[in-house]
Amino acid sequence: MKVTKDLVVSLAYQVRTEDGVLVDESPVSAPLDYLHGHGSLIAGLENALEGHEAGDSFDVRVNADEGYGSYDENLVQRVPKDVFMGVDELEVGMRFLADTDQGPVPVEITAVEDEHVVVDGNHMLAGQDLNFHVEVVAVREATEEELQHGHVHGEHDHHHEHGDGCCGGHGHDDHEHEHEHGKGGCGKSGGCGCH
């Protein structure tokens, strides 16, 4: 069965930056499952998978414009510390989900000042070309529920209410934050299966 829209694909992969640094991987023993054609992966990787089948293994270079986009200086902001109420100690490198008019946006603290914090809303791989080694582990039909929800439900998945955020995130009032539970990877917002 060839990878096409509305099929569930299980893939193992490694992704490296141009200088060879491994930034994420999912081994054959724990492949990433996603619903093809629903924007769960960065465009360049999803496009490269189209037409492949179980057992195929290949390398693909994904340019920044088909990955996490260009680095945008406008996504770096200086905000008052009190925006992070309830967080005892703010440190460089901490990640949060900021609630915005466009929905939750992952941000990373890049500087901590006396009264302010500098946050960067760019994905940590923004502006970088990426090299993937991919193995298609399996391809199957999606269930009706998976098609309705637009993502894969595995044996360890849980049912959710519509409106819940991805990776356990949920909405807050404007400018509130919560810790992000994902990490960088081939998904559109940092976690491999989340967007």
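Using N, Cα and C of the backbone, Cβ positions are placed for all residues, glycine too.
The Ni(2+) binding site feature in Swiss-Prot is assigned to CYS166, CYS167, CYS186, CYS192, CYS194.
Positions annotated as domain 'PPIase FKBP-type' by Swiss-Prot, on the basis of sequence analysis: 6-95. Mapped onto DSSP classes, the domain 'PPIase FKBP-type' (6-95) shows 17 helix, 34 strand, 39 coil.
Here Swiss-Prot flags 1-69 as region 'PPIase first part'.
Taken together, the residues in the region 'IF-chaperone' (76-120) have a mean pLDDT of 92 on the 0 to 100 scale. Look at Swiss-Prot and you will find 76-120 tagged as region 'IF-chaperone'.
Swiss-Prot lists 129-151 with the feature region 'PPIase second part'.
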Counts of helix, strand and coil residues, the region 'PPIase second part' (129-151), according to DSSP: 6 helix, 12 strand, 5 coil
